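Novice: Submitted below is the structure of interest, expressed as structure tokens.
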Amino acid sequence: MVATSFKLNNGLEIPAVGLGTWQSKAGEVKAAVSYALQIGYKLIDGAYCYGNEDEVGEGLKEAFAAGVKREDIFVVTKIWATYNTRVVLGLDKSLRSLGLDYVDLLLVHWPVLLNPEGNHDKFPTLPDGKRDVIWDYNHVDGWKQMEAVLATGKTKSIGVSNYSKKYLEQLLPHATVIPAVNQIENHPSLPQQEIVDFCKEKGIHIMAYSPLGSTGSPLMSADPVVKIAEKKGISPTTVLLSYHVNRGSTVLAKSVTPARIKANLEIVDLDDEDMKLLNDYSNDLASKGELKRYVYPPFGIDFGFPDKS
């Protein structure tokens with residue numbers, strides 16, 4: 001039977017499927033969050049950088065008023081790159097917007113520091129238009145702030161996002177608290193097997209974002225995806241979302257359309273033959289140098305991902 005939740009390295013349970021809120025438009029997020037929680041979603045993934053946490057908070061409030069209990073859901077937010085040396089301040093901003101006393105998981109959004117005193121709260125730039133990066137920042141120092149905020153009770157878990165094996169290898173020897181989660185872009189055209197395997201070895205749970213690739217992604221019509229969908233009588237979307245849960249990862253499905261939000265809760269068991277088809281597809285892309293990463297902000301930094309190094 002397909003998993004509905006996974007146990008983190010701190011003993012807490014994280015749902016297998018969550019609602020993602022990245023790039024969800026203003027005016028649509030509140031209803032999406034409220035509806036999702038009322039039909040059975042248990043995980044809401046957000047971030048300060050997304051600029052819509054006020055609306056996420058309104059959706060949470062509406063769902064709570066309709067009978068959803070705070071203790072039954074799992075809320076994720078992320079510290080943006082201009083706040084990596086001001087973690088408490090960054091978290092407090094998110095908590096105010098969300099209308100919560102705590103989140104269940106706080107992530108480092110990217111292991112980079114953008115100038116906290118720059119010309120923009122989120123995306124400071126230099127006169128030449130490049131991102132205003134603080135080059136001597138050590139992400140291990142930022143993690144120490146994450147560990148400190150964990151002790152305040154304002155978050156139940158801490159983790160990272162967009163961390164490569166290289167960056168985790170730099171972090172782990174200095175970590176008192178091992179990250180509970182690494183949230184990464186993940187789909188059959190970017191399986192990131194190296195980091196997935198490394199995280200499993202270290203007890204770090206994977207959360208997959210952009211599981212369909214991107215809007216209009218060729219993944220939806222890729223031969224193995226279509227073949228499995230036809231065999232099982234399900235949609236290509238269901239195949240791609242189920243791929244992650246069958247790998248032991250939590251998957252974030254993003255939509256503001258009620259019918260799609262509901263459909264994205266459907267996760268099915270994929271057998272060994274199905275997974276082999278998808279893995280062979282990934283391996284073929286890798287052998288041809290055609291792996292596709294859709295999310296890579298222009299920080300000008302090598303984060304250590306093999307497909308970008």
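Note that Cβ sites are derived from N, Cα and C of the backbone, with glycine treated the same way.
This is the feature table in Swiss-Prot:
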ACT_SITE  Tyr50  active site, proton donor
BINDING   His109  substrate binding site
BINDING   210-264  NADP(+) binding site
Novice: Using a Cβ-Cβ cut-off under 8 angstroms and a sequence gap of six or more, which residues of the chain neighbour Thr238 (NADP(+) binding site)?
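Specialist: Same-chain residues close to Thr238 (NADP(+) binding site) (Cβ under 8 Å, separated by 6 or more) are Ala229, Ala263, Glu266, Ile267, Val268.
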Novice: Given the binding-site residues Val245, Leu252, Ala259, which one's Cβ is surrounded by the fewest other Cβ atoms within 10 Å?
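Specialist: If we count Cβ atoms within 10 Å for the binding-site residues Val245, Leu252, Ala259, the smallest count is at Ala259.
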Novice: Determine, to the nearest whole angstrom, how far the Cα atom of Ser217 (NADP(+) binding site) is from the Cα atom of Tyr50 (active site, proton donor).
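Specialist: The Cα atom of Ser217 (NADP(+) binding site) is 22 Å away from the Cα atom of Tyr50 (active site, proton donor).
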Novice: State the three-class DSSP label for Ser217 (NADP(+) binding site), counting H, G and I as helix, E and B as strand, and everything else as coil.
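Specialist: For Ser217 (NADP(+) binding site) - judged by DSSP and reduced to three states - the answer is coil.
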Novice: Which residues of the same chain, at least 6 positions away in sequence, have a Cβ lying under 8 Å from the Cβ of Tyr50 (active site, proton donor)?
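Specialist: The list for Tyr50 (active site, proton donor) reads Thr21, Trp22, Gln23, Ser24, given in order along the sequence.
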Novice: Looking only at His109, Lys231, the binding-site residues on record, which one has the least crowded Cβ, with the fewest other Cβ atoms within 10 Å?
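Specialist: Across His109, Lys231, these binding-site residues, the one with fewest Cβ atoms within 10 Å is Lys231.
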Novice: Determine the Cβ neighbour count for Ser217 (NADP(+) binding site): the number of other Cβ atoms within 10 Å of its Cβ.
Specialist: 19
Novice: Rounded to an integer, what is the Cα-Cα distance in Å between Leu252 (NADP(+) binding site) and His109 (substrate binding site)?
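Specialist: Leu252 (NADP(+) binding site) to His109 (substrate binding site), Cα-Cα distance: 15 Å.
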Novice: In terms of DSSP three-state secondary structure, what is the assignment for Thr238 (NADP(+) binding site)?
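Specialist: The residue in question, Thr238 (NADP(+) binding site), is helix (DSSP, three-state).
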Novice: Measuring Cα to Cα, how many angstrom lie between Val245 (NADP(+) binding site) and the residue listed as 'substrate binding site'?
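Specialist: Cα-Cα distance, Val245 (NADP(+) binding site) to the residue listed as 'substrate binding site': 22 Å.
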Novice: Which residues does Pro224 (NADP(+) binding site) neighbour through Cβ under 8 Å, counting only same-chain ones at least six apart?
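Specialist: Looking at Cβ-Cβ distances below 8 Å from Pro224 (NADP(+) binding site), excluding near sequence neighbours, one finds Pro188, Leu277, Leu278, Asp280, Tyr281.
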Novice: Taking DSSP three-state, what's Leu252 (NADP(+) binding site) in: helix, strand or coil?
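Specialist: It is in a strand.
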Novice: What whole-number Å value do you get for the CA-CA distance of Ala259 (NADP(+) binding site) and the residue listed as 'substrate binding site'?
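Specialist: Answer for this pair: 30 Å between alpha carbons.
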Novice: Is Tyr50 (active site, proton donor) helix, strand or coil when read with DSSP?
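Specialist: The residue in question, Tyr50 (active site, proton donor), is helix (DSSP, three-state).
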Novice: Determine, to the nearest whole angstrom, how far the Cα atom of Lys231 (NADP(+) binding site) is from the Cα atom of the residue listed as 'substrate binding site'.
Specialist: 38
